[in-house]
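Feature annotations, courtesy of TrEMBL:
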type	residues	note
DOMAIN	112-192	domain 'DUF2427'
DOMAIN	349-629	domain 'Protein YTP1-like C-terminal'
SIGNAL	1-25	signal peptide
TRANSMEM	117-138	transmembrane segment
TRANSMEM	150-170	transmembrane segment
TRANSMEM	182-208	transmembrane segment
TRANSMEM	368-388	transmembrane segment
TRANSMEM	449-468	transmembrane segment
TRANSMEM	535-557	transmembrane segment
TRANSMEM	569-588	transmembrane segment
TRANSMEM	608-628	transmembrane segment
Amino acid sequence: MRLYGLTLSFLLPSLVLYAPHSAIASPSVITSPVRSVRNPDSAVRVHPPDSFLSLLYTRDGGDEHTHGHAHGHGNPSPLVELNETDVLLYHAETPPSYWSIDIDNHNSGGTRHPGLMGLHALFMALAFFGALPAGIALRSVNHPWHGFSILLFWTFIVLGVAASALYRKLTPNMYEGQMHCFHGYLVILLAFTLSTIDLFAGASRLFARNLSIRSFWNFVIIGQEDGHPLGINSAEYASLVVEELEESDETFKTVAHHSRPVVATTIDDRNTHHDDTVQWVNKVSRHSEDLPETPASDHTLVGHRFTRGSQNSDDTLQLQSHLAKDIPLSRRIGQVLFATLERSLVFAGFAQVMHGVVIYTGGCRENYLNGCLAHLIKGGIFWCYGLVTFARFLGSFSDYGWAWNRAPAGHHVSAEFVESFVIFIYGITNTWMERFGAHPGDPYTNKQIQHIGIAIMFWFAGLVGMGLESRRLRRWLAAVSTASLKASNKNSDAVAEPASYGSSFNPFPALVIGVTGVAMSAHFQMYLFQVQIHALWGFCLTGFAFLRCLTYFFVWLSPPRSILPSRPPSEALSSFFLSCGGLIFIMSDEEITFAAMRRGYDDVMMSLNVAVAVTCFAFCWTMLVVGFKGRLISRTHSAVSFHQSA
């Protein structure tokens, strides 16, 4: 399936590879039957014989031959060996790249500095996939080491940018018009803006105190006040009084929200700090109302913090809801926007990784551009979607009820609604983009009808999925049943909701992805290796759809009754299939498959093993990030013990 780069470029903006006025920025997309073909022995284009054009037009259904795909009813058998002559008819010869001078021609004696490029990749990876996720997790609990994580992030950024600048200074420009550096600086500028806002918010707290370099370092960077750490302990002590420290060591609470009674044992260790903190507690309490929360903290959506062990009580949940309503709308919007932008930096870093690999290897030029953007963007979305799904399985977003659990409090948009919304946006935009480049009056080709049909499926299936998640629509649909009740029975307790009403069983996101996988498994390609690798990621997407439906089946039989993540094993497998399929989707790009065939790497098993290995590594990283945040939260909340539900 050919997807245009503009379709979801708002999700991965860094994949726009070319400057708007660069000569390379305008790919040669041939859309009419009168095709210009590149002569392998010449840099200019010549017109092939009419008989050859007729053959191509009949075979391809009149569509452009930019991907080497045939879509006619009489498709010939896929070729086993690469036909370089046929490739050069439609694509320019691959020019030298940074990879070729650093790796392929390392014995030529020319200027090469692969070590600097390796340092650049290492430092930027440590910044965006190490320090940044750790900083987000530390911020979510207002940990005192959050300031250190920011310093570490910018240290890696400076080292990475310096290595890149030195590499470009010592190496000839092998990719004219590339925008990787420009987009990278835009991402860094966004990170700098967010860090400035965060630093300003912390520094503003000093206005009510004696301003000095030492107080600035202790309070803003280290997170301490007068030698006592803020963050973890401030959340614990800010609302305490001396008399509360003399209470009993253990407090038993009953959690009964949407579940069977669960006895939660709160381990109170405050007496261990009694001698050191009695006087400090009273001083902190005087300032507690004057301290604004750090932006994007998990608790800043409410704007206040609560004492340890009180987060799950009904009174506290009602107080949180009341306080959230008291926060100005503009402030709430700003907090949500800050948190969203900060987390989007991780995905922007992933986009820059793909962008950098393209520039370093010299890919995605001229006629390869559309197919390259299609595979990178769509495959990258599936890859990220799989990682997010695995994070849901581990317990992320459980406070919204997205971890196959019941939300602890309130009503939130379901995860299926978000999935359906993204699918709808993709479909409604790509439906009209499929005709880009066609002349007015041109007939619809076979390929265009195929792709428009898939886009319309995304469009309306996403719309149906959003409708099924609407509570108002559900009430309207239930009106047929409630209208048959007698007037004497129409009261608030007359109709009991089924247990399934507490969860979302929306199969349409899985249906869309599954049908896409089945269709791509049957997608014709010119070469056997391309057919096999397309079928491979098509089967992966189909496997995701099957496993997601299996999850719904088991959850339907036993809807979640606890606020704890239920972790259905089918979701762990489905997320793996989705991420692995997205990575193979990227690897199935035409230019990548041509390069693999030229080097003798056109082995499907090897491609699958590489994709599985990289996916397992990414899942370990996801588990580390989610587990790190969970560990931090467990240290700022009371220890809770659980009993068996049955």
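Just so it is clear, glycine is given a Cβ too, placed from its N, Cα and C backbone atoms.
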Contacting positions for the transmembrane segment (117-138) when only residues 6+ beyond its ends and CB under 8 Å are counted: 98, 102, 145-146, 149-150, 152-154, 156-157, 159-160, 163-164, 167, 191, 296, 342-343, 345-346, 348-350, 352-353, 356, 360, 621, 625, 628-629, 632
Integer average pLDDT (0 to 100) for the domain 'DUF2427' (112-192): 93
Whether the transmembrane segment (368-388) meets the transmembrane segment (569-588): three or more C-beta pairs under 8 angstroms: yes
Recorded stretch that, among 182-208, 449-468, 569-588, 608-628, has the most CB pairs under 8 Å to the transmembrane segment (535-557): 569-588
